[in-house]
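*Asks:* Dumping what TrEMBL says about this protein:
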| type | residues | note |
| --- | --- | --- |
| ACT_SITE | A:Lys96 | active site, schiff-base intermediate with DXP |
| BINDING | A:Gly157, A:Ala184, A:Gly185, A:Asn206, A:Thr207 | 1-deoxy-D-xylulose 5-phosphate binding site |
| DOMAIN | A:4-249 | domain 'Thiazole synthase ThiG' |
Amino acid sequence: MLELYGTQITSRLLLGTARYPSPAVLAAAVKRSQTGIATVSLRRETAGGRNGGTFFEMIRELGVRVLPNTAGCHGVSEAVLTAKMAREVFRTNWIKLEVIGNHDTLQPDVFALVEAARILTDDGFEVFPYTTDDLIVAERLLEAGCKVLMPWCAPIGTAAGPLNLSALRSMRAHFPEVPLVVDAGIGRPSHAATVMELGFDAVLLNTAVAGAGDPVAMAEAFAKAIDAGRQAYGAGMLEPRDMAVPSTPVIGKPVFA
Amino acid sequence: MRLIINGEAQIVEATTLSQLLTALEYEGEWLATAVNGELVHSEERGDHILTDDDRIEILTPMQGG
């Protein structure tokens, strides 16, 4: 079973809660996905906080563990303060740490990310860093105290799927004991299955489910793909080869003149 | 007193952070507050005296990815 910061997790699908057509569809998608972890965020609200409170009460009723994020933060101090405010509201030490470095690509600012991760870890947070597939950055994040890494496989919301399989393979091989969660860039169940077949421990999704024609059905499709990919990784897959190999045994084959 | 509340300048009569939340009709426990870039815990809001031009952030849960 997957263990994240000492918590055992049954489902290897982590689901975002944004961009669904309605709260009812969100709730149904969370249930159908069987996820145990849903990501949430914090924002300014002028309506006396009632909308946010209503939303969070609904998430609590779903019985999932929440993983608050620092989405949209562009610097160390902004991300650290947002994380502290998230801990105050959501009452968890877990934080999905995002420090965005570029508006167009939503690429993480990995230098600020490492610094913020160190500050937050020292303050008792359990940091889930949204990072790239760069191995040295990953090393620095582990040195900063992170016990989980969440590399992108493509920029957020692009649905492009894994763009650099070689880098993802290297990351898995380089950190065999670290829980690795692919966060961002997944568009289709086959993308999720692919990274799970590489040995990644889990997948974090949002737009691919929320933006689907039928988000509830897509949540289930992803859950199945992630399970299939994980099972295939454990079962040991064949490596591709260049020449054909007959699947039917040739011994005993009759020879007709 | 003039405060910057969630990025907007407002004139308010509240003198503590708790009074400000009440005046702005924030309800419930699902919110976090910061003043001038520092978190103010919920139990400290009653004692937190506001001063002119303080920058107040009041954040509540929302959907996130």
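Even glycines carry a Cβ here, placed using N, Cα and C.
Here the structure is a predicted model, which means the values were calculated and not measured.
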*Asks:* Write out which of the listed binding-site residues, namely A:Gly185, A:Asn206, A:Thr207, lie with a C-beta under 8 A from a C-beta of chain B, sequence order kept, or 'none'.
*Replies:* A:Asn206, A:Thr207
*Asks:* A:Gly157, A:Gly185: which of these binding-site residues has the highest Cβ count within 10 Å of its own Cβ?
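*Replies:* Checking each of A:Gly157, A:Gly185, the winner is A:Gly185.
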*Asks:* If you average the pLDDT over the domain 'Thiazole synthase ThiG' (A:4-249), what number do you get?
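*Replies:* Looking only at the domain 'Thiazole synthase ThiG' (A:4-249), pLDDT averages out to 96.
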*Asks:* Give the helix, strand or coil assignment DSSP yields for A:Thr207 (1-deoxy-D-xylulose 5-phosphate binding site).
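*Replies:* A:Thr207 (1-deoxy-D-xylulose 5-phosphate binding site) sits in a helix per DSSP.
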*Asks:* Translate the DSSP assignment of A:Ala184 (1-deoxy-D-xylulose 5-phosphate binding site) into the three-state scheme.
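*Replies:* Reduced to three states, the DSSP call for A:Ala184 (1-deoxy-D-xylulose 5-phosphate binding site) is coil.
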*Asks:* For a quick check of understanding: among the binding-site residues A:Asn206, A:Thr207, which residue's Cβ has the most other Cβ atoms within 10 Å?
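*Replies:* Selected residue: A:Asn206.
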*Asks:* Suppose we draw a 10 Å sphere around the Cβ of A:Ala184 (1-deoxy-D-xylulose 5-phosphate binding site). How many other Cβ atoms does it contain, all chains included?
*Replies:* 27
*Asks:* For A:Lys96 (active site, schiff-base intermediate with DXP), which residues in the same chain are close in space, meaning a Cβ under 8 Å from its Cβ, but six or more apart along the sequence?
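*Replies:* A:Lys96 (active site, schiff-base intermediate with DXP) has long-range Cβ partners A:Thr39, A:Leu67, A:Pro68, A:Asn69, A:Thr70, A:Phe128, A:Tyr130, A:Met150, A:Asp183.
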